[in-house]
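Database features, via TrEMBL:
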- 14-63: domain 'DUF7623' (DOMAIN)
- 68-131: domain 'DUF7623' (DOMAIN)
- 136-198: domain 'DUF7623' (DOMAIN)
- 202-265: domain 'DUF7623' (DOMAIN)
- 271-334: domain 'DUF7623' (DOMAIN)
- 355-404: domain 'DUF7623' (DOMAIN)
- 409-472: domain 'DUF7623' (DOMAIN)
- 477-528: domain 'DUF7623' (DOMAIN)
Amino acid sequence: METPLTSGQLDALLDKDAETADMERRLRELRKKPDKNAAAIKALEEEVQKRAQELADGHLAEERSKCLAAEYGGRTMGALPLCDDAAYRDAEAAYMKMLESDHADAAALQRLIDTMNERAAGIAHDMNVADRAKYLPKALRGVPLRALPLDDDDEFRRLEHERARAAGTPGHKAEVEALEAQLLARADELARARLAGDRAYLAPEPAGIPLELVPLDEDAEFCAKEAQRAELKENGKADRSGIALRETELNARAVEVAQQLKDGERGKLLAASYEGIPTSELPLDTDAAFHEMEVERLRRVRTCADADADAEVARLEDEMRNRARDLAVSKKASERVMLRSMETPLTSGQLDALLDKDAETADMERRLRELRKKPDKNAAAIKALEEEVQKRAQELADGHLAEERSKCLAAEYGGRTMGALPLCDDAAYRDAEAAYMKMLESDHADAAALQRLIDTMNERAAGIAHDMNVADRAKYLPKALRGVPLRALPLDDDDEFRRLEHERARAAGTPGHKAEVEALEAQLLARAMSWHGPDLRATAHILRRSQRGFL
């Protein structure tokens with residue numbers, strides 16, 4: 001059988017296995033008459049082999065879990081065809097053999113483990129590379145796929161690993177397709193980066209950056225197009241239309257390079273996001289104050305090299321960060337204006353804090369920002385996604401609210417779980433809770449005032465539960481007992497009745513307890529009927545006389 005385990009290791013597994021022992025015992029019996037039992041012997045030998053393979057595979061999986069990673073390149077270790085790789089097989093076989101020794105060299109063992117890990121990573125990488133043909137063309141922008149530095153691109157590899165991870169998870173077809181689209185887009189960016197550009201007849205400030213500050217000489221695409229333009233100019237018959245076309249292309253590329261410069265420099269000094277909004281989504285390019293500081297900083301960085309310049313650059317960078325933060329605050333407020341009408345006792349600050357920490361919200365807001373770039377075209381998609389954002393915001397608010405309530409409310413009131421009470425439908429409760437949440441936001445909240453609000457919330461929760469229990473009485477008690485209206489009975493003052501009523505509410509809130517509910521309702525009716533029997537009859541008599549006009 002195919003296994004890297006040594007015969008000693010396999011024998012040890014078989015010796016401990018009761019199922020194998022039983023099959024081997026039966027084999028010995030059958031082999032006493034080999035001719036007569038030939039078919040049975042063969043069948044049982046196959047079962048023994050199958051069981052041995054199972055034990056070997058299980059032990060191997062256990063050993064691999066000790067020295068291999070759980071995942072390589074987005075693929076689970078168990079999904080890798082490790083046994084098909086000769087180098088891996090050799091290393092693993094040597095490792096298993098060395099494990100059998102009582103005096104194994106730790107350094108040698110580690111070298112084998114390293115080799116196994118390297119091969120596992122290599123196998124996963126080869127599988128990912130092979131999969132590229134499923135979603136990438138042979139060439140992008142004329143650049144052969146093999147010429148693109150896909151393996152050196154962190155973003156491409158991250159997406160590739162995510163795709164492999166999703167592809168290995170059943171039911172994630174849509175996610176795989178979305179990641180493949182992102183991988184195609186990223187590969188296209190890498191192909192575009194290999195193309196070339198130009199420098200002459202350019203606008204004085206591409207993308208708002210003075211031309212002398214734009215590093216055109218460092219851009220391969222620009223340089224290649226510049227060479228093409230020079231060739232056309234040096235041609236005996238100047239191709240004026242070709243030159244004009246190249247110059248148009250050069251201007252466009254200069255804008256791109258300038259924008260890349262801005263993005264690169266911003267990446268050095270700005271955070272990846274402010275107030276939960278990616279810096280790349282902030283209107284930095286159209287903000288006059290930010291633009292002025294950005295150009296001045298670039299000028300000083302590229303042309304000055306003294307202590308005074310460094311100090312001024314540091315000051316400008318601080319101002320740019322502050323301005324980016326201000327723009328993010330403004331943008332976030334405008335993006336979330338649709339949430340301000342939400343029904344929740346949380347303050348806007350508390351809601352924003354929840355949204356800022358939520359990856360799902362961040363992703364939806366990112367997609368919304370993209371859609372809003374073409375509001376007319378994407379109107380329906382924007383509306384649908386805004387509703388999803390509102391729904392998610394409500395979920396987060398409700399979840400946080402439930403967490404806060406668990407800190408200051410009891411788990412149960414009148415036999416009903418706190419979560420089953422319609423607290424938000426009660427104006428007094430809502431007011432107290434809203435005031436409580438607002439006070440929580442303060443760093444100097446008055447503990448006594450907080451406690452008063454908590455007491456009010458608990459009182460209302462108890463009152464709501466009581467009202468629900470009272471309303472439920474109509475389900476199992478008649479309107480009057482022996483002529484006495486139900487409302488005239490002091491049920492709320494009777495400890496036994498209230499105990500049974502709470503038990504009934506508890507059972508009614510538990511699925512599958514119908515019989516228990518009915519039994520408790522019978523006890524409640526009996527308790528109401530038996531409450532001071534003579535007094536009940538006397539009360540009924542007085543009520544009847546009153547109705548006849550004797551009193």
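In case you wondered, yes, glycine gets a Cβ from its N, Cα and C as well.
TrEMBL annotations: computationally assigned, not manually curated.
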Worksheet item: If we call contact 3 or more Cβ pairs under 8 Å (sequence gap 6 or more), are the domain 'DUF7623' (355-404) and the domain 'DUF7623' (271-334) touching?
Response: yes
Model confidence over the domain 'DUF7623' (202-265), as mean pLDDT, sits at 84
Across the domain 'DUF7623' (477-528), DSSP labelling yields 35 helix, 4 strand, 13 coil
Using DSSP three-state counts, the residues of the domain 'DUF7623' (68-131) come to 46 helix, 4 strand, 14 coil
